[in-house]
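Presented below is the structure to which this report refers.
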Amino acid sequence: MKDTIVLYPNLGRGHLVSMVELGKLILTHHPSLSITILILTPPTTPSTTTTTLACDSNAQYIATVTATTPSITFHRVPLAALPFNTPFLPPHLLSLELTRHSTQNIAVALQTLAKASNLKAIVIDFMNFNDPKALTENLNNNVPTYFYYTSGASTLALLLYYPTIHPTLIEKKDTDQPLQIQIPGLSTITADDFPNECKDPLSYACQVFLQIAETMMGGAGIIVNTFEAIEEEAIRALSEDATVPPPLFCVGPVISAPYGEEDKGCLSWLNLQPSQSVVLLCFGSMGRFSRAQLKEIAIGLEKSEQRFLWVVRTELGGADDSAEELSLDELLPEGFLERTKEKGMVVRDWAPQAAILSHDSVGGFVTHCGWNSVLEAVCEGVPMVAWPLYAEQKMNRMVMVKEMKVALAVNENKDGFVSSTELGDRVRELMESDKGKEIRQRIFKMKMSAAEAMAEGGTSRASLDKLAKLWKQS
């Protein structure tokens, strides 16, 4: 039987892609290992809940990976139904409940795989709310469980340190002055850098993250999608902290390569634009805006007078939350598409982000600060404007702006709304100012460092090799 590593990704698209790319990376450098990826699959007639999590949209991606990388095996596992009394939760938190209720199904799948292969390790996405002991207790041999942290070392430091600061957050939660929080290896942060769901330390989300931190501390190791050159202080703090028992394996940047997706004419349009002249605006698979915010973005782009390629989700979010898809003409200011057709391109719903960022014409990126997107921009040397929307993205913004210094931050009001003037000013500053040039030079150096980390003898390659050696010896 072949030595097998089982990867168990979260339902979210960004988490799935990152885990699949980790599997590809392992196979590239350690082909003697076999990779099986567990995929939670909704019932034949999916509920609105599971549809919200875009399980169906992942099917096309999985089919593409199966066709292009047949050495990766996908093992489908039934997704458990949620109890009727489950509270309303945003998608990234809802996925926690779905995985938690699917623990028994995952355990059965692992028992099935163990009969046909030699399981050497199980790698679980940190956002899968499963107790590793419950998953592995019925396996004949002691299979080590590792956690894959799909974001960076800085947010991992916050997560693992959160149980330490949580009592203070509760004690100070009603004070008017913002609490200054010092996490080892990071700049000083405040509660404003936390995910929106964690502003109240007594919230459901905070209780979940406390449990996740506790669970991760019991793993055999934590695999992190980062590299030393961009988060040196955070990595050092985690590695040297005696209170963080699991060894750290920084194997990044683990990013997706363009794999022949339909480009909707984006690349042909970019071919006609001058070098480093276009700003890409793309906000991830869950990045939806209200009608008012979309119009404000459009006005801001006109004010910036820059070339742009804007990916617009036609399902509204925010105050206008709706699954109904509207036309671009219904969503954008009257005449906007006609007025900007010489300088801009607007694409509905989706575009091949990795391929676009790698194009010579792209010189800036307005991003939601999802970590996969940040790493893709770093690997292509594209400077950023940071506009976080959900999950850990506000913390990522702090890292991008203060620690890495590869982005400008947009300032939103207390409701999260960004004005056209603010967006237009930040885009123009990125593309035309001396500060923008400094950021461009800095991120180009990080691009070189990313390549070095992944090359033979690099820090990330060394971490991967060390990890694979442990697996083979287990």
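From the backbone N, Cα and C atoms, a Cβ is placed for every residue, glycine too.
Within its own chain, H15 (active site, proton acceptor) has P9, D125, M127, T150 as residues 6 or more apart in sequence whose C-beta sits under 8 angstroms from its own. The annotation active site, proton acceptor is assigned in Swiss-Prot to H15.
D125 (active site, charge relay) falls within a strand segment according to DSSP. According to Swiss-Prot, the active site, charge relay annotation covers D125, on the basis of similarity to another entry.
What Swiss-Prot records for H15, A391 is anthocyanidin binding site, and it gives similarity to another entry as the kind of evidence.
The DSSP secondary structure for S373 (UDP-alpha-D-glucose binding site) is helix. The Cβ of S373 (UDP-alpha-D-glucose binding site) has 25 neighbouring Cβ atoms from other residues within 10 Å, across all protein chains displayed. Residues or ranges marked as UDP-alpha-D-glucose binding site by Swiss-Prot on the basis of similarity to another entry: T150, A351, Q353, H368, W371, N372, S373, E376, E392, Q393.
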* By Cα-Cα distance, the member of binding-site residues Q353, W371, S373 nearest A391 (anthocyanidin binding site) -> W371
* If you count the other Cβ atoms within 10 Å of each Cβ, which of the recorded positions D125, E392 comes out on top? -> E392
* Asked: For UDP-alpha-D-glucose, with binders T150, A351, Q353, H368, W371, N372, S373, E376, E392, Q393, what's the maximum Cα separation in whole Å?
  -> 23
